[in-house]
Amino acid sequence: MYGRSVQDCAYTASIGMIAQGQNDFAANGRIWLGLLAPHDRGRGLGLGCECLRPIKMSAVEQKPSEQPAPTTVAPDTVSTPEPAVAAAADNATAAPAPSETPATPAAPAAPDASGAQDTPATAGADSEVPAPTETKELVETKEPAEKKEPAETKEAPVEKAPVDDKTPITQLWATAKATGHPEIWGVTLADPETHVPTRIILQKYLNANDADLDKAKDQLTKTLEWRAKTKPLELVKKAFSKTKFDGLGYVTKYVQDGSTEPEAKEVFTWNIYGGVKSIDETFGKLEEFLDWRVALMELALQELDLASATKLITAEYDPYKIFQVHDYKSISFLRQSPQVKSASAETIKVFAQNYPELLKEKFFVNVPAIMGFVYAFMKLFVAPKTIKKFHPMSNGGSLAVEFADSKVAALGEKLPANYGGKGAELEEQGKGPLLE
C-alpha cells in the first residue's frame, strides 16, 4: 500500500510539469520532482650620397675658378627626386671636362701666392657646404616618403571584418532567417546588430544550451517551425471553454513607479490546479489544454514586453524572466488520471523546447509536507542551477516573504491575501486567456 501511494504521489506531482516547461526543466525530464520539497535557495638612402661624392672629388682636383660648377649641380640634386638626382650627378661629373680647357689660359694667375692660397680655401668651403650638406638634406627629404608604409598596416582591421559574420549570434540570426518564420514571443526578428530584442532572444537560446551553437541552432529552428504551425499569437485571441478553464490560470504584473529598468518589473503566471472542477473535462482533450496553456504563457510574454527591451543580456545577467506559482490546494496527491499524465508529459516537451530561459523562479505552494522526500530524492539527479529555481512550499500563505529583495518595492504586499500579501484577489488583479 505504501509503495503504491509513493508512486501515485510521484504521478500526481507531475501536475507541476504542466505549469511551465523550461529548458531548465528538461534537465531530468521530470519537472514533477521539483514540486515537493522543503524550501531551497539557494609592427639609407645611400644613393644620393654616393652620386654626389664624385662631384666633390672632381671639385678638389680642379682649379679654384672652376668650383662654381658643382655649386650649380648641388641645388638640382636637392630639388629633384631620387631618379633625377642620379642623372644630375652624372651630368655634374661630365661638366668639369670642358671647364678645364678654359682653365689653361687662366694659369698665369696661378703663380699669385695669394690666389693660390685662396683657391684651396674657397674650394674647401665650396666642397664642404654643397656636397655634404646638400646630401644630408636629400636623405632627410626621402625619409618622410618611406613613412607611408605604416598606412598600409591600417588595412588590417578591414581584413578581420568577415570574422564578425561568424559569431554565434550572427549564425543564429542566419538560421532564423533561413527558417522563414519571422516572430518569436511577440518579437518580429531583425538584425541583432541593431535590434536589441532579437539579440536577447538569440542569446537566450545560446544560454539554454550552454553556448553549444549547434544545439542552439537546432532548438531555435524547431521553435520557429512550431510557432509557424501553432500560431501562438492567435491563441491569445481565441476564446476557450469557461467550464473547463475558468479560474485555472492568471497573469499579473508589478512595476516600480518611476523606473524603466527591466529589474523594476516582475511578471507572474499563476496556475491554480486546485480549481480544476473536472479532470476529464480540463485534461480530456490534450490539444485543447495545450492551446490554453500556451495562450496563458503568451499573455505573460506580452506583459514581459521583450519587444521594448533595451538592455542586452549575457550568460550571467538576464532580467527578462518570469515568476511562476503553482497552487495545489485541495488536490489529492494519492490519485492520478491517465489524462493528467499525458497532459503533463506533453506540456513539458512543448515548453522545454519553445520557451527556454524564461523562468526566474518557480514556487509550488500548498504542497503536502509528507511529499518532501520526493524533493530530497530529486536532488540526486537534477542540476543544482535548476534545483535552485524550484521552491516547494507547504503553506501558500508564506509566499509573499520570498520577494523581499525585489526591485519592486513591497512586492510581497501586492500579492493576493491568500499568498501572504495585501493585494486584491487574482480574479481582480490578474488576467487570463479569453473564456466563453
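Count begins at 1; order follows the chain as displayed.
Glycine is no exception: its Cβ is also placed from the backbone N, Cα and C atoms.
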**Prompt:** K238, K242, K360, K362: which one does Swiss-Prot list with Y273, R293, H326, Y328 for the heme site?
**Reply:** K362
**Asked** Hey, does DSSP put Y328 (heme binding site) in a helix, a strand, or just coil?
**Response** coil
**Item:** Largest CA-to-CA spread of heme binders Y273, R293, H326, Y328, K362, angstrom
**Value:** 17
**Request:** Let me know the DSSP-derived helix, strand or coil state of R293 (heme binding site), please.
**Result:** helix
**Message:** For a quick check of understanding: among the binding-site residues Y273, Y328, which residue's Cβ has the most other Cβ atoms within 10 Å?
**Reply:** Y328
